[in-house]
Amino acid sequence: MIEGSSRPGAPGIIDELPVVSRLSATRAPTRTTILSQTRPLPGLVSPRDTRQTTNRSAFDDLDKGLGDIRLRYVGLFSDGDLNYEIDRQQQPEADREPSLAEMTTAALSSLHRASHCKDKGYFIMIEASRIDHASHAYDSVAHLWDVLEYNNVVNVVTKWIDEHPDTAMLSVADHETGGLTFPSGYDPRPLAAAKHSIAYLTELWNDYNGNDRRGFLRNEILPAYGVNDATDAEVEALLAGDFAANLAKPMNKRTGHAWSTCGHSAVDTTLYAYGAEDMGDQLIIDMAGAHNNTELPKYIAKALKVSLEEVTELLRANGTDWIPRV
């Protein structure tokens, strides 16, 4: 993540942004990052020097990063957040957004091709940000599918590392969201019947202009969320309002998901790491055990042979007004 819109050295610092939205590229500048949710991109997307891919066909032309690719390129596949994985799966194949795993493959391949003959490597940040969104919404369905897709991403990266042992992976969440627990009686099987997220179904509900709202709930909305045996009380709660929150409750009741907060929790998060050969051995020495989150960038700087002190000095050379204020 690169904070600030007028920091020293800003132009040309990013080679590819494969996971952003069209809205991100046009909003007022405040920050730049590589992730799967909406963030403003300050003046870094220019048709003159950046290839833009905006649909499935254009992404497929990248040939998983093995095609005729010129850095820089940016993928703008949505006007807002990319779809939850479960909703993406239901899109027509010709129009389907690339998955996070597909974009990861293309990014790794193209960055490797651009850097393997040089003395400097690359750094890539991959964020499965919609896991957090699903947790805020108590959406156990969307949460499951986006976690599974992140597992696919990890499989892509670890296989890549096996074939490129000069590369290492760190995987960690900046926080837990939702305070998710699984008390006795937990049964995940009802999740398998769901076809869409709460966000998708809420939009569908808001767009409905028919005269049988109760029937639309029972016959369309609830079955699409995997609930085929809704009680009268559950239907009435949805009709009464607070639709998204009340849609989450029937599924969580049937599966036994227990969410304790709609915000972030203070539990420790798990650090996963992977390396091969000598780099893997050193990764264990450096990163096994419990760490403050500030230790992660220090490891990355060591692995990339860069000095955080020198970079900090450069960034502060002309003042610090460019640093965002919270």
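Just so it is clear, glycine is given a Cβ too, placed from its N, Cα and C backbone atoms.
As annotated by TrEMBL, Mg(2+) binding site applies to GLU127, HIS175.
As annotated by TrEMBL, Zn(2+) binding site applies to ASP132, HIS136, ASP174, HIS264. A C-beta separation below 8 Å, combined with a sequence spacing of at least six in one chain, links HIS264 (Zn(2+) binding site) to HIS175, GLU176, THR177. DSSP assigns HIS264 (Zn(2+) binding site) to a strand segment in the three-state reduction.
Under the heading region 'Disordered', TrEMBL lists 33-59.
The binding-site residues considered are GLU127, ASP132, ASP174; of these, ASP174 has the fewest other C-beta atoms within 10 angstroms of its C-beta. The Cβ of HIS136 (Zn(2+) binding site) lies under 8 Å from the Cβ of THR177, GLY178, CYS262, GLY263, each on the same chain and at least six residues away in sequence.
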